[in-house]
Amino acid sequence: MEDDKKVEDEAKKSDVPSLDAGNVDGTEARGEETPHPLDGTVSTAKKNATQKSIPPPGNGKKIYEIDPLLVGFRDHLDYRYGQYKRLREEIDKYEGGLEVFSRGYEKFGFTRSAEGITYREWAPGAKSASLIGDFNNWNTNADVMTQNEFGVWEIFLPNNADGSPPIPHGSRVKIRMDTPSGIKDSIPAWIKFSVQAPGEIPYNGIYYDPPEEEKYVFQHSQPKRPKSLRIYEAHVGMSSTEPKINTYAEFRDDVLPRIKRLGYNAVQLMAIQEHSYYASFGYHVTNFFAPSSRCGTPDDLKSLIDRAHELGILVLMDIVHSHASNNVLDGLNMFDGTDSHYFHSGSRGYHWMWDSRLFNYGSWEVLRYLLSNARWWLEEYKFDGFRFDGVTSMMYTHHGLEVAFTGNYSEYFGLATDVDAVTYLMLVNDLIRGLYPEAVSIGEDVSGMPTFCVSVQDGGVGFDYRLHMAIADKWIELLQKMDEEWQMGDIVHTLTNRRWREKCVAYAESHDQALVGDKTIAFWLMDKDMYDFMALDRPATPRVDRGIALHKMIRLITMGLGGEGYLNFMGNEFGHPEWIDFPRGAQHLPNGKIVPGNNNSFDKCRRRFDLGDANYLRYHGLQEFDQAMQHLEETYCFMTSEHQYISRKDEGDRVIVFERGNLVFVFNFHWSKSYSDYRIGCLKPGKYKIVLDSDEKLFGGFNRINHTAEYFTTDGWFDDRPHSFLLYAPCRTAVVYALVAGPAKD
């Protein structure tokens with residue numbers, strides 16, 4: 001299979017377009033001497049190119065030092081790295097380098113110069129093309145485009161006689177093409193903004209180029225990457241307490257200060273790329289370069305990001321390059337009338353579970369499009385990095401569906417691996433790291449592919465972090481069992497089962513667990529009691545007491561042992577009582593069945609922050625505990641400490657004890673037994689104090705521990721530790737102890 005692919009890749013070389021920065025309109029090939037209106041823009045781009053550069057590839061061999069087991073799969077890994085190097089060399093040869101190649105938005109779509117507007121679109125399947133819109137009264141014959149030998153259609157529109165642009169800001173625009181599947185009007189693939197007109201279903205492309213005085217100008221510099229990431233995963237549209245679609249401006253003013261107060265140092269924004277189906281949670285992207293118009297304008301989004309930077313908060317984007325919407329009218333599907341334009345043709349280009357299209361990462365123009373897309377969000381909007389969605393689906397031809405990854409290396413490096421997709425991920429991480437050294441790159445991978453978080457130069461895929469997705473699945477599994485069935489060793493193994501020197505972002509639950517049809521941890525624990533027994537002026541039920549105690553313990557042990565970063569989906573910090581159900585109507589299936597809707601209600605598509613803020617409700621204690629967790633990490637940096645040791649996982653006592661940094665964490669998961677004078681081991685001698693106690697009254701606990709007590713170590717081995725001290729461990733509590741002074745000197 002790989003030999004066939006080599007032949008195929010060699011054949012592609014002859015078809016590589018030479019749309020480099022010095023020849024964007026093919027004037028050199030045509031022998032024309034008249035400068036193109038875009039030349040000024042390209043000159044600026046060339047100037048910028050000297051300021052940013054991407055280091056050349058390394059030798060890709062260090063992975064074998066990091067993990068000697070990889071030597072057995074050297075043929076595959078060397079081939080993978082060879083494909084990456086070949087692409088880097090060809091991009092250098094044909095495009096002037098990866099830095100230039102990734103600025104496709106300066107060549108394609110609409111580009112403005114002093115003389116007018118140029119529009120270019122890659123659509124090799126089209127037989128003819130015209131630019132239509134409000135500006136020319138949708139006249140197909142007014143602005144007919146011409147095609148070059150690489151399938152790129154182009155038209156230049158000179159300024160009006162009075163010097164005004166030929167397309168007014170805010171105008172609707174589309175490209176009309178005669179294609180193999182008929183005449184179709186499409187939103188330009190590189191469109192920067194699109195909106196849905198009232199009463200219409202398909203979106204309209206919008207020419208977005210406001211006057212200089214109306215453009216948002218960033219005021220604040222981007223924060224430096226923190227040592228440990230504490231990510232608040234958020235969806236702008238559903239971030240209001242009211243049943244409505246929230247705006248970028250409202251999120252900026254109301255939610256960002258909350259995130260700062262809670263102690264998170266990064267916000268991960270979902271559903272930013274335009275998607276015509278709101279209930280897709282932003283994962284069925286229709287317009288990759290356009291921010292969702294439901295929440296405001298591009299300048300509104302910039303204002304939000306700038307405010308976050310002012311608060312010292314990184315803004316990460318949940319970027320979708322793993323698949324695209326199946327929509328034909330307002331998406332990329334069948335854009336030029338063929339199913340093999342941006343995507344694989346046939347079944348390989350269709351994700352049967354997601355009902356979406358799959359990119360052909362072996363296509364030159366797809367690489368240009370996606371690499372430029374990643375750079376666009378970093379460059380234009382000042383995002384501080386990405387969480388790449390659905391990476392497992394990208395890396396394997398089976399997309400990870402109905403596959404149980406056991407950890408056998410042959411599962412990662414074999415015929416089921418999509419080398420083109422992995423190579424793309426290497427290229428995009430190379431781009432991010434080279435041009436934006438402070439940017440963060442996180443990959444959503446459930447397979448656990450080795451080398452995933454090793455640098456590209458060393459032969460890895462290049463991500464900074466992997467999402468530790470198995471943890472959330474483990475908690476859901478345990479919450480369906482009785483407490484007596486929980487195994488301490490099983491919990492510890494799941495939390496610590498990650499690859500050496502490959503960083504992970506841990507989470508107990510994300511947006512996935514909050515969707516309708518699933519249950520959040522809080523709902524698994526407390527169920528319908530959350531509706532009637534969360535007020536402090538009435539007694540709690542045993543179910544609520546258990547739920548509040550375990551909710552805190554689950555989050556803290558996940559943060560303490562699960563990785564080098566932590567993620568929380570908005571609202572889960574206080575145990576949001578309900579799932580997410582996007583507004584939807586009844587669905588009529590082809591077989592005649594009807595799936596009931598919810599009358600297009602927004603009632604379950606919002607976040608009840610008011611519950612977490614109400615100090616007369618038990619939700620408030622859960623929120624206060626989450627804030628204390630974040631500030632504990634801010635103070636002690638335990639997540640990134642290289643010192644981690646689990647000294648006890650006692651199945652009888654139901655106790656887990658571990659050290660991380662200078663902190664000792666003690667978890668008593670027993671449902672009824674509290675332990676007095678309980679001895680735990682520790683590495684460092686001296687005096688310890690309590691720095692976090694889940695049983696504190698502020699956190700909805702029972703105040704069973706004296707916080708003025710001091711804990712002095714005694715010498716002698718205990719639990720394979722050289723020192724130990726005695727403490728009180730109430731049932732269902734988590735307590736963190738910090739070393740405050742070394743041993744007294746004589």
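Backbone N, Cα and C atoms are what each Cβ position is placed from, and that goes for glycine too.
Per TrEMBL, the features are as follows:
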ACT_SITE  Asp389  active site, nucleophile
ACT_SITE  Glu444  active site, proton donor
COMPBIAS  1-15  compositional bias 'Basic and acidic residues'
COMPBIAS  27-36  compositional bias 'Basic and acidic residues'
COMPBIAS  41-53  compositional bias 'Polar residues'
DOMAIN    246-606  domain 'Glycosyl hydrolase family 13 catalytic'
REGION    1-61  region 'Disordered'
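Sequence-distant neighbours of Glu444 (active site, proton donor): residues of the same chain at least 6 apart with a C-beta under 8 Å from its C-beta are Arg387, Phe388, Asp389, Gly390, Val391, Thr392, Leu467, Met469. A 10 Å cutoff on Cβ-Cβ distances gives the residue listed as 'active site, nucleophile' a total of 22 other Cβ atoms nearby, all chains included.
On the 0 to 100 pLDDT scale, the domain 'Glycosyl hydrolase family 13 catalytic' (246-606) averages 95 in this prediction.
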